[in-house]
Amino acid sequence: MGTKKNKKQKREDYRAAMKQDDVLTMPRKKFYRQRAHANPFSDHQLVYPPHPDQMDWSTLYPAYVAQEEPQPEAAPSTTEQIPEQDLSAPVKPKKLTQDVEVADIGCGFGGLLIALAPIMPQTLVLGLEIRVSVTQFVEDRIKVLRRQNEETKAYQNVSVLRANTMKFLPNFFRQGQLSKIFICFPDPHFKARKHKQRIVSTTLNSEYAYAVRPGGIVYTITDVPDLHGWMVQHFEAHPMFERVGLEEQEGDPCVEVMRNATEEGKKVERNKGEKFVALFRRLEDPVF
């Protein structure tokens, strides 16, 4: 018990030290280890906005916070009593100069996020991860990269958020807000009774169709042939998606990044495994 407690204390001490503003060394994964997968149907005590307009992005993208114009104060009337402030009213979040447009669902240790930052420098990219320790690792990783690149302002356009996208994706994104969604090496949930936990399904694809604008792309990659077939089947069966052709797929620079930048992708490469890629375009909304 003493050894286990000592390891836990070491992890806590290390993470506390990483929160200091002057840290310039990259976080080490061994202090952020967690189970490879989490049950998306469990109660994870997550905090999420009731509506996308109430989401405060300012702490995630501080370099993109819009400057608010000062409002002139009205002179109080001499005859009317000044109304008391309604403290129960929701606090209006700070606005950004632009919206988040790209989401990496189940971003893991953030390899894709970090790789996308320089090739999409004018786009806000968000990683969504359900595991606490892994989210903390990515957050610390981005903070260090921002400090290391203060002069160039690199990596200000990427961030991470702990969230369960199977439950709360529409709470964060408005209809048609996203141009790209990445689903990289998701949990295959091999057992048939666990298929309902797969991140691609008829119901979830409708939520992706809601969040992705017409012409936007959903990127998928896995090293599991059965899961690849499942994702292709479900997206092709959905009326709001069509599969992107092979020539266009291979000409997309994001595909090469997706193949080689993620930790899982590198692991598959080391094991000389095969990677299965499929892209799906969001179709135009039907006209009635």
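Placed from the backbone N, Cα and C atoms, the Cβ positions cover glycine too.
What TrEMBL lists as active site is Asp187. According to TrEMBL, the feature S-adenosyl-L-methionine binding site maps to Gly106, Glu129, Ile130, Asn164, Thr165, Cys184, Thr262, Glu263, Glu264. The compositional bias 'Basic and acidic residues' annotation in TrEMBL covers 10-20. The region 'Disordered' feature in TrEMBL is assigned to 1-20, 69-90.
TrEMBL feature annotations superimposed on the structure.
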{"residue": "Gly106", "record": "S-adenosyl-L-methionine binding site", "Cβ contacts under 8 Å, 6 or more apart": "Leu128, Glu129, Ile130, Thr165, Ile183, Cys184, Pro186, Asp187, Ile199"}
{"residue": "Thr262", "record": "S-adenosyl-L-methionine binding site", "Cβ contacts under 8 Å, 6 or more apart": "Gly108, Gly111, Leu112, Cys184, Phe185"}
{"residue": "Glu264", "record": "S-adenosyl-L-methionine binding site", "Cβ contacts under 8 Å, 6 or more apart": "Gly108, Cys184, Phe185, Asp223"}
Cβ-Cβ neighbours of Thr165 (S-adenosyl-L-methionine binding site) (radius 10 Å):
25
Recorded positions (Ile130, Asp187), the one with most neighbouring Cβ atoms at 10 Å:
Ile130
